[in-house]
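Accompanying notes for the structure given below.
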Amino acid sequence: MAAASPEKRPPRSLFELPSEFFDSSVLLRAHPSTAPSAAEPHEPSRPPPTTQQQQQPSESAGFRWTCNTCAAEFESLLEQREHFTSDLHRLNVKLSIAGKTIIKEEDLDKADSDSVFDDLEISSVSGSEDELENGPASERGLSVKGKEEFRKKLYFRCQSGDSISIWRCILLKEHEEPFIDCKSGLMESASCVQEDEMINRVKRLTCEPRDASHLRIVLLTSGGHFAGCVFDGNSIVAHKTFHRYVVRAKAGKRQSGKDATGKVAHSAGSSLRRYNEAALKKEVQELIFSWKSYFDTCVCAFIYAPSKNRQMLFDGDKTQSVIQACDIRSVTLTVHRPTLKEAKRVYSNLTQLHYEMECSTVDETLSHGENVTSVQQSEGKKKEVAVDSEESISELSVSLELLNKNEEATIKSSKIVTTPLHEAAKSGNAQLTLELLEQGLDPCIKDARGKTPYLLASDKEVRNTFRRFMALNLDKWDWHAADVPSALTKEMEESQAAKQAEKDAKKKARVKELKKLKKAREKEEKEKEKEKAKEERQRKLAEEREKRAAAAERRLAAMAAQSAGTSSAAAANSGQKAAPDDNSCSCCFTSLAGKVPFHRYNYNYCSTTCMHLHSEMLQDD
């Protein structure tokens with residue numbers, strides 16, 4: 001071919017296109033695979049098969065390729081496989097499960113795809129967003145629910161004849177719709193953008209000056225992660241990322257979501273998650289407010305904040321006024337964990353131009369003309385094998401298997417399958433993995449995500465199985481292409497086992513030493529406690545001795561007072577000896593005449609002091 005296939009042409013950045021790239025370009029009403037030209041936007045995506053084609057099953061061959069769900073027959077295995085990946089087959093499978101009547105391809109082409117889809121109340125038959133973004137253009141044909149892909153992109157036909165697509169969120173605001181989607185009564189409304197205006201917008205996009213006057217901001221937040229970037233064309237002006245532990249381990253969801261159910265946890269982890277959630281919200285809002293100058297001059301802001309994550313951006317008067325002052329647009333791509341790398345990937349995809357596949361060039365789906373010849377030769381071989389009715393059934397099945405393998409080899413570039421070796425490695429079955437490798441399964445084959453069986457193995461024993469097999473069969477496969485890092489021999493395993501045993505012995509000795517240190521520390525603590533208890537007892541004994549000394553001093557003072565009172569009483573009575581009686585104090589023998597005595601048991605006292613002193617004296621005796 002003179003020109004490279006559009007499917008193989010890499011995407012280009014809109015800011016790197018020449019200013020005259022969109023001159024004389026035309027907006028297409030449908031995907032290029034369903035609309036050969038802009039003048040005929042409603043052509044069916046698949047022409048209905050003719051009667052001759054329908055009546056051409058390989059009856060003479062003795063076998064057929066059919067689809068029981070769609071009641072269809074095919075001339076080759078390749079056509080059957082293409083049918084299984086079509087939207088018509090997916091729709092009929094869902095209709096069959098729902099107990100409804102299937103639709104034939106002729107009826108689907110005649111009817112309006114949107115009305116058929118809505119009347120049958122069947123969900124989308126298209127693949128996931130990853131398939132829509134990453135799948136080849138030939139597998140993204142719009143038949144039944146193709147409007148879901150079409151509503152995310154705008155399709156143009158350039159002056160060079162190439163069909164291209166760009167994400168419509170890069171040109172249109174949230175409330176705007178292109179004229180091809182507007183209803184008849186809204187064609188003149190402000191929200192309906194005409195074709196000329198869209199062409200002018202995309203032209204202005206390629207001619208934007210890089211002087212920080214046409215900024216675009218990307219804000220991604222989810223699961224405690226936040227990433228924000230300010231772009232000027234393809235260059236980054238500013239960026240910032242945050243991460244806080246706010247998601248409950250294993251249980252999932254934020255702590256605030258769990259608290260909203262009424263079951264409020266009071267653990268240390270829940271308190272930490274509540275604090276981190278408030279701290280992350282504060283950090284993000286402070287960042288947005290500090291980027292106010294960027295928001296004032298930006299063209300638009302692409303925001304990804306699912307569920308309650310939007311509160312982090314809009315729950316605040318300052319941040320809400322800053323963000324809502326600019327044009328807010330949602331991200332139409334699948335967003336992974338918000339990081340700087342993810343923000344750059346999202347922005348790069350949104351600002352890229354993609355070349356679309358044309359349905360008119362059917363033969364261009366094969367990379368070389370030799371592939372077409374090989375497929376035709378394989379079909380001819382199948383017919384020759386089928387015509388020979390004298391061959392046995394077993395020989396026929398073997399021949400068909402060989403032809404199928406040859407045919408699979410011709411379409412290997414476009415059909416990637418998962419082998420049993422992938423499944424065994426992914427499930428962690430080391431024995432089955434070894435058996436499959438011994439049977440000759442290729443460990444270099446990659447699955448749809450571009451991973452070899454070794455990369456899918458999460459179990460260490462399975463990975464060691466690949467390495468042991470590599471050691472025994474170094475020349476059998478390209479182990480570098482299989483992503484197996486190195487061979488694992490018996491000597492290496494024995495060396496590793498010896499190192500591990502030495503490591504375990506050191507660890508055991510260390511644990512033993514730690515136990516000894518712990519016992520010594522505990523013994524030392526017990527001795528300190530004993531010394532402390534002994535000191536406490538000595539302190540109490542000293543206090544008791546001091547109390548006894550004080551009591552002895554008080555007794556001596558009382559006896560001195562008593563002797564002094566006796567002498568004075570003797571002098572007053574002219575030498576007559578006084579004896580204690582009911583009219584005298586039992587402690588100091590002072591007369592109680594004219595006084596109100598204090599009584600305690602059978603004793604009388606002149607004062608409370610004498611009563612206490614006499615009580616202590618009696619206790620000492």
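Any Cβ shown, glycine's included, is placed from N, Cα and C.
Automated prediction, rather than curation, is the source of TrEMBL annotations.
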Which listed span TrEMBL calls region 'Disordered', if the choices are 410-429, 450-469, 490-509:
490-509
Within the same chain, where does the region 'Disordered' (518-560) have neighbours whose Cβ lies under 8 angstroms from its own Cβ atoms, ignoring anything closer than 6 residues to its ends? I mean 6 or more beyond.
587, 613-614, 616-617, 620
Mind checking which residues reach the repeat 'ANK' (419-448)? Cβ under 8 Å, same chain, six or more beyond either end.
454, 456-459, 461-462, 464-466, 469, 477-479, 481-482, 484
What count of other C-beta atoms do you get within 10 angstroms of the C-beta of Q255 (active site), across all chains shown?
23
